[in-house]
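S.K.: One structure, pasted below without further comment.
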Amino acid sequence: MAVAACSTDFTRDSACRDGHAAAHLKFISIFLIFFTSVIGVSLPVLLTRFFHGKPLYDKAILIIKCFAAGVILSTSLVHVLPDAFDALSDCQVASQHPWRDFPFCGLVTMIGALLALLVDVTATSHVEHSHYNPVETEEKPRTDSAGDIGLLVSVDSKSEIGNLGGGSCHRRREGEEELVKLKQKLVSQVLEIGIIFHSVIIGVTMGMSQNQCTIKPLVAALSFHQIFEGMGLGGCIAQAGFSFTTTSYMCFMFSVTTPMGIVLGMVLFSITGYDDSSPKALIMEGLLGSFSSGILIYMALVDLIAVDFFHNKMMSSNQGLKRGCFVALLLGSASMSVLALWA
């Protein structure tokens, strides 16, 4: 029964399996995907630097971030998770123990989301304790010449206490702003880790494939995929306010991950002849895809969408901006979802 279920159209498969043509397509895809990745991740960063300090800067970056959240959410739910489920549901895997006995795709996705939560909570707690120490003031009792214990408060002392209180509030606000910035940087870094997992899987899978019928539509679809996903990550990087060196490094890492994954897949195939459709390759693809999907789902819903739509004062006081951000969220989700027709 398992053999019958796994039967394929061998005539079409043999016609599509052309190693020379597949290698030619892969070399084209390496440069094309790198170029589109650079455009996608750099565009939000350049736009925010251009508009920085201008009246519409805060609103523009918020709309870009909402578009980014839609892209990341769609990437996780429409692209990564279904691919992981398909890999673990393949008849070569699903017919074996223990893969046929338990929904591992959902389990590993949940583990990825919980691990992202653990990293988020731990890092946030560490940042709060390290960078935020509230200033406390005390009024100590003094004894006057008659022996009575009381507080000697004069006009000058009241003025000093008032100045101290004002300085404390100012330092408190600065501490809170610093915490927000540090949290945004943490979100961007964890988000890039999840995207890199996903990009490596895509690249290695394409690099090991010898099926030109599969690679041809992937080259075009992945180019657009990298533009939209890069815009999502670039929007978060831009808002975090990293230094020029760190921003350049994060953009570079995103841009080269998928091309390097393709090269790695080609090297692995040439050395081992490893079949990308073997059960072990499918299991690895399914588990890594599920894990990265869990990370991306958590980051999109908790650290991007929930933070902006429920805890952003600028959006809560401006209904027009809130509607614009929701439209941007829908556009980001829709633009990435449409690509699922080809990849």
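Yeah, the Cβs are placed from backbone N, Cα and C, and that goes for glycine too.
Predicted, not measured: the structure shown is a model, and the values here were computed from it.
Not my notes, these are from TrEMBL:
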- 27-48: transmembrane segment (TRANSMEM)
- 60-81: transmembrane segment (TRANSMEM)
- 101-119: transmembrane segment (TRANSMEM)
- 190-209: transmembrane segment (TRANSMEM)
- 215-237: transmembrane segment (TRANSMEM)
- 249-271: transmembrane segment (TRANSMEM)
- 291-311: transmembrane segment (TRANSMEM)
- 323-342: transmembrane segment (TRANSMEM)
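Context for these features, please: burial, neighbours, distances.
M.R.: Within the same chain, residues 44, 47-48, 51, 105, 109, 191, 195, 198, 225, 228-229, 231-236, 238-239, 289-290, 292-293, 296-297, 299-301, 304-305, 308, 312, 314-315, 321, 324-326, 328-337, 339-340, 343 sit at least 6 positions outside the transmembrane segment (60-81) and bring their C-beta atoms closer than 8 Å to a C-beta of that stretch.
Only residues 6 or more beyond the boundaries of the transmembrane segment (101-119), in the same chain, are considered here, and those with a CB under 8 A from a CB of the stretch are 81, 84-85, 88-89, 190, 194, 286-287, 290-295, 297-299, 302.
Long-range Cβ contacts of the transmembrane segment (215-237) within its own chain (Cβ-Cβ under 8 Å, at least 6 residues beyond either end) map to 22, 25-26, 28-29, 32-33, 36-45, 61, 64-65, 67-72, 75, 79, 184, 187-188, 191-192, 195, 202, 206, 209, 247, 250-251, 254-255, 258, 304, 332, 335-336, 339, 342-343.
Long-range contacts of the transmembrane segment (291-311) within the same chain, counting only residues at least 6 positions beyond its ends with a Cβ under 8 Å from a Cβ of the stretch, are 62, 65-66, 68-69, 72-73, 75-77, 80-81, 84, 108-117, 120, 187, 190-191, 193-195, 197-198, 201, 236, 322, 325-326, 329.
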